[in-house]
Amino acid sequence: MSTTSCRMYENRFPEVDELVVVNVRQIQEMGAYVKLLEYDNIEGMVLLSELSRRRIRSVQKHIRVGRNEVVVVLRVDKEKGYIDLSKRRVSPEDVVKCEERFNKSKAVHSIMRHIAEKHNVPLETMYTTIGWPLYRKYGHAYDAFKLAISNPDHVFEGLEPPKSGVINDLLAQISRRLTPQPIKIRADVEVTCFGYEGINAIKAALKAAEDVHTEEVPIKVKLVAPPLYVLLTNALDKSLGLKKLEEAIGAIEKSITASNGTCTVKMKPKAVSETDELELADLMKKFEKENAEISGDEEDDQSGSE
């Protein structure tokens with residue numbers, strides 16, 4: 001048996017009405033031949049009549065070779081190995097639900113395959129001794145793996161791994177790959193105050209924003225270049241992070257308007273990528289350099305006038 005290939009689920013064939021993810025291999029007159037990615041690439045067919053509810057003028061508009069599709073199982077002949085599938089009976093909600101399950105199954109499969117190769121154990125043996133029992137107990141092995149990060153003894157209790165060291169290595173892989181990573185969230189605001197309190201009012205408003213922080217959602221305010229400031233946080237819960245930055249902006253607005261100042265939101269709170277972070281760092285360096293050059297010019301002017 002192979003250490004790299006095996007179906008993801010215990011049943012060798014999908015059930016009728018089950019949603020599955022397929023990869024389109026070729027398109028013929030009868031329909032599209034596909035491989036069921038969760039079932040070790042066994043072959044299935046989507047008849048042309050099951051591609052779309054609308055009249056088909058161009059097959060390529062509905063299905064393309066090489067692309068993954070979510071389809072539903074219509075018929076299964078286990079003896080002959082025939083699997084008939086439909087794309088037109090799949091709703092947008094079905095697609096979201098199926099892709100979510102597939103992504104979880106794919107993550108589990110990658111971890112299981114890594115351990116199987118490392119210990120030279122057939123991948124199917126890994127599934128029969130660990131993977132599928134966890135599917136039965138927890139609904140999905142991915143959910144069991146996530147729970148194992150904090151409570152491994154409870155999750156793996158009663159399992160009989162094929163070799164010693166498998167569970168420890170499995171847990172190490174789970175912790176490395178599935179431990180939640182903080183999401184970087186950012187908002188940009190312009191804060192000005194030309195009233196009597198001026199810069200002190202701005203400082204107080206920015207401090208009010210940082211005071212909104214919690215242990216789960218720390219908040220920092222950084223100057224880019226007056227009057228532009230960025231609000232930054234790292235949060236495991238994206239929605240909570242966004243909500244807290246909204247609250248921080250509200251705190252700025254309340255504080256600064258009390259001093260006859262203004263707060264203008266230039267970018268609403270959003271999750272940012274590494275590229276966004278690098279662009280921000282470059283922008284801040286640029287303004288630091290410009291400020292240093294201005295300071296140098298002022299010093300030269302003062303020394304020249306003496």
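In case you wondered, yes, glycine gets a Cβ from its N, Cα and C as well.
Listed in Swiss-Prot for this protein:
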- 17-88: domain 'S1 motif' (DOMAIN)
- Ser52: phosphoserine (MOD_RES)
- Thr179: phosphothreonine (MOD_RES)
- Ser273: phosphoserine (MOD_RES)
- Ser295: phosphoserine (MOD_RES)
- Ser303: phosphoserine (MOD_RES)
- Ser305: phosphoserine (MOD_RES)
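In terms of DSSP helix, strand and coil, the domain 'S1 motif' (17-88) has 9 helix, 36 strand, 27 coil. Cβ neighbours within 10 Å of Ser52 (phosphoserine), excluding its own Cβ and spanning all shown chains: 15. Other Cβ atoms within 10 Å of the Cβ of the residue listed as 'phosphothreonine' number 11 in total over all chains. Across the fold, the C-alpha of Ser52 (phosphoserine) and the C-alpha of Ser273 (phosphoserine) stand 37 Å from each other. Following the DSSP three-state reduction, the secondary structure of Thr179 (phosphothreonine) is coil. The two recorded residues, Thr179 (phosphothreonine) and Ser273 (phosphoserine), have Cα atoms 19 Å apart.
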